[in-house]
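First the structure, in the form of structure tokens, and then the observations on it.
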Amino acid sequence: MSTVDTTSGKRSALAPFAKPLAAVGGVLAIVAALLPWVTFTLNDGNWPDKSTLQFFDAPFAVTGFRWHLLLLGVLILVAAFAPIPSRGRVVRALGWGVAVVSFINGAYITAKGGGLGAITALDGATAFGSVAGLVAGVLTILAGYGYGITPVGEWKFKPPTPVAYLVLLVSFAGVLLAVAAMLTTGGVGTSNPYAGAIFLSFLGFAGGVLGALSGVGFIRWLSVLSEEHRVFSVIVLAACALLLPFTDAGNEYWMTVAANIGIYAATAIGLNIVVGLAGLLDLGYVAFMGIGALVAANFSGAAAANFGIELPFPVAAVIAAVVAGIFGAIVGSPTLRVRGDYLAIVTLAFGEIFTRSAQNDIGGMTNGSNAIPGIPALSLFGKEFNRELSIGAVKLPAGVLYYILIVLLVAATMAVFANLKFSRIGRAWIAIREDEDAARAMGIRTGQAKILAFLIGATLAGLAGAVFAHKNATVSYESFKFLESITLLAAVILGGMGSIPGAVLGASLLFVLPEKLRDFEEFRLMIFGLALILIMRFRPQGLIPDRHRRAELADEDVGGAPVDEVHAASKEAKA
Amino acid sequence: MTTPVLEARDVSMVFGGLKALKGVTLTLEEGKIVGLIGPNGAGKTTFFNCLTGLYTPTTGQVLLKGNTLPGDPAKVTDAGVARTFQNIRLFPSMTVLENVLVGRHVRMKQGPLASLFHGPAYHRGEKAARERSRELLEFVGLRGPDDELSRNLPYGDQRRLEIARALATDPAVLLLDEPTAGMNPQETEATQQLIFRIRETGVSVVVIEHDIKFIFGLCDSVSVLVQGELLVEGSPEVVRADPRVVEAYLGKPPEEVELDIEAAKGEQA
Amino acid sequence: MSVLLQQLVNGIVQGSLIALIALGYTMVYGIIQLINFAHGEVFMVASYGGLATFTLLPDDLKKSPAVALPLMFVGGIVVAVVVAVIMERFAYRPLRNAPRLAPLITALGVSVFLQEAVRVWYPNATSNLPYPKVFPEGNLSLGTISVPWTGVLLVVLSVGLSILLQTYINRSRMGRAMRATAQDPDTAKLMGVNPDRVIVLTFVFGAVLAGVAGVMFGGYLSNINIDMGFQNGIFAFTAAVLGGVGSIRGAVIGAFIIGLIKTLAGQYMPGGTQYDYVWIFIVLILVLVFRPQGLFGEPERVRA
């Protein structure tokens, strides 16, 4: 069998033009940032940040998306002339950033302004910002291909511990700022008519920069660094997260959203153990969260609860986690005999059995479609978690205590995941994922290991479910249907399988986007389905790929043997 | 006479109507290297799979130091029989060191709780495992960076890494399935030296190979398998001189062609 | 006794519907080992396609079932085939050599997308839509049992089309190419079989059957909704697995078994019809665990 290497040996016809294209693209992006974008003032008010002609009343006050464009343009010029690894990838990513920002703003203005006149020329006024930006983006992308899409740069540099700490600290602080910006940019859904556009445009910018950082090898280097100093990383990340209430995002609305994201992120990290580490596709995972939530609800002392006893939350949470874990082991037990796709279907069947049973109020435990309402809020020292908090002069928004609890939960889940990943059992899981037969030949009891993965994943989901029950005050089977399982799976895949920051990022994106895109609420799930297809097609390794996982789903950046050769070899070995 | 370290007694294997192995007996004395040769389809790999617990022999038994081997590859490895694969089966997306650490799996005491909480015992065990793994990498001659992903290694190094991974299970017996397939003469020579050094550490070795020169230069005893039957067994000199072997295996010129194909296959895999 | 007989007959009718869908799963899996999770949605889309065809007909044609019904079948089938071909070409084909997780997740994405596309863009699709009454009305009565004529038609169509398909695959040149590709794609390719064509054709056949099933579903149950694809898709998949994935006859027999389990469990098992799904899922799990090759499949040899 032979494989044809398609990545090298073929030089792009654009190669000689790469540098001029990038230069023109970069300059044009900067020009676009300074041009007017709208020919008149829209009905809903100025397009964000003075991008109508009024800009010229206040020259050089470049803010918002135009500031982003300006930055991208400068970065393109830097990338075109500075000696950096994998220039093609960097330039391509920046080009996409420019193109997306320009397209989103242009498209929104066109839609809101009632025609292309709004972004070209109308009544003597001209505004070619979006056109120029789009052209700049396309030119830059072409330049990227011209440079050639070479493997991602690999940084061998290993900094001494203090420097590593500093790098991690600065990076995570950057992440905090980015998250706060992501949450607050454009404001809350209904208050700003342009919220959706501002947010999407911001995502385009952030995506471009992230892609460039990833292309140049920084992200990979950072993730290796954070794995080496994982305790420090988790602490710093948690600290950063705890600072969020003190940023612009520190209001009740965002605390609630962030807390919900946290619950799903914790669940997604649990799922990541099963799917990302052990390579077992679980299509009914949200059922374990449901089981945890139902157990906690029944012990909460709510009027509709089945047990008249009210257990303290920690006890109820532990019971919820244990029960979910037991179910996890049961659902996982077919792995002893079933592999691959078939296992995925078994988990789907278990998930559906859960949904059906819960819907029909099995054993009188779930209240069926009436749900279990009125679950009391958690409280500590008489302080209810859903109230405001003031410590001296500092006033914190309502829900901040839940937020803190959930940040701690996520941090704990992350620590569990990281510890397991770098342990005997974690290595066994990865070995099973890579080659089950070889893993057995190394003495790994694969059946036990796989059931353990299901058990631990389910336990974490059960724990998250218990918090979910109190946080939302109501538990209904509706929250734990097939689509939720798919959403969690999508969060794991989008973020990057086996990677912890990936799971958090994936969960954030999937649960923030609907909040931000109220304009598209109707299309939310459709976009979601389309996104799954596109991710699998174009970036199957996810946004922040795990170092181990890189080759598993994608074969684009390969150093040695082409990946499909490896796959073909293992396929041959099985035949 | 001492108990042989590995003994296959009268092993037969039947798939449906096909008799893949017919009463094969093989004895491996401690500290020896036994070679297993035979034309394609002779049942060498099937026999290997019986030795490693992947197949349970239809009749007959396999004994390790006088005890019957369990019928599960994981338990067989635990008991002290390690193997490599004909087509390299490393964990491609794990680093070089991690591959060997997976081999340490059965010899590590770390339970789920230690894995979860990373207490002092975890760190001690992990450190010891890493040291042992690095030793083994050194031993097989892999001196490159151990945080390279294993799929990025050159072919010969992948073979060596597979041997290091198998040795990490502290085996009494090491089964090597075509360890020099696809190697050039220098690499083959180095592999031979490596196997001698493995024997010196007290590990007994069974080798399947197509390269007859290699086998005769390496082994203390050679068994020839033809059509599922043990044709001849004895020292390389005896086997080399046996007319039946010459006829069944060595005498036919087309065999040479086949060997080349095998080598080419190995190279690509 | 008559209740039992009636439920048996109902089970066979439901089984016929499931069989039509199950054939699509089993053929695609047989050729490219993909669980085409979105196939259930192809069936759903076809049902809406048939309904849309009827809505678009001029009023006088609407009144004549002999014209309207065939046109609805054509409409449903065309929609199903177009969707299936686009799906194969743009979602699955680029992933043909990818690890197996990728196409399965893509299939989930396609499934969500199709369901939502219909919900958003088809008028009033959020609620149950009544299906036009152009099907033969009334019941066939046999003693105490009665079957609607739509049910009879469903059984006839299902059995007839399965036999046709089986014959085609066994006898025709293209059928031989399909079987060859299923067994060994590389060798088939060397023998001059164009795998892309074979695979597209497999999707098309599956879609045609799903199209017929979609329209008949509307006729048999008189109204349709966007959840029908997911539910019946799972049933059909279970049937395909039960019969041994890749086997045409197995899928049909498996479908009848599933139909019977559904109606009989609904009648006789604790919990009644509220839990009939649960029993089917339990059967699915048991089959996958204890006889993954299906009731009629050959056990796979241990491989090393």
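Glycine residues also receive a Cβ, built from the backbone N, Cα and C atoms like all the rest.
Here the structure is a predicted model, which means the values were calculated and not measured.
Per TrEMBL, the features are:
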type	residues	note
TRANSMEM	C:12-32	transmembrane segment
TRANSMEM	C:39-57	transmembrane segment
TRANSMEM	C:69-92	transmembrane segment
TRANSMEM	C:104-122	transmembrane segment
TRANSMEM	C:142-169	transmembrane segment
TRANSMEM	C:198-222	transmembrane segment
TRANSMEM	C:234-265	transmembrane segment
TRANSMEM	C:277-296	transmembrane segment
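Beyond the ends of the transmembrane segment (C:277-296), by six or more residues, the same chain brings 231, 234-235, 238, 241-245, 247, 249-250, 253-254, 258, 261-262, 265, 269, 271 to within a C-beta distance below 8 angstroms of the stretch. The list of residues near the transmembrane segment (C:198-222) in space but at least 6 beyond its ends in sequence, with Cβ under 8 angstroms from a Cβ of it, reads 13, 17, 20-21, 23-25, 27-28, 30-32, 36, 39, 42-51, 72-73, 76-81, 83-85, 87-89, 93, 130-131, 133-135, 148, 150-151, 153-154, 157-158, 161, 165, 174, 177-178, 181, 188, 228, 232. Distant neighbours of the transmembrane segment (C:39-57): 21, 24-25, 28, 68, 71-80, 83-84, 87, 110-111, 114-115, 118, 122, 125, 129, 131-132, 134, 206-207, 210-211, 213-215, 217-218, 224, 226, 228-234, 236-237; these residues of the same chain sit at least 6 beyond its ends, with a Cβ under 8 Å from one of its Cβ atoms. Counted as Cβ pairs under 8 Å, contacts with the transmembrane segment (C:234-265) are highest for C:142-169 among C:69-92, C:104-122, C:142-169.
Taking Cβ pairs closer than 8 Å, the transmembrane segment (C:104-122) reaches residues 34-38, 40-42, 44-45, 48, 52, 83, 87, 91-92, 95, 226-227, 229-230, 233 in its own chain, all 6 or more past its ends.
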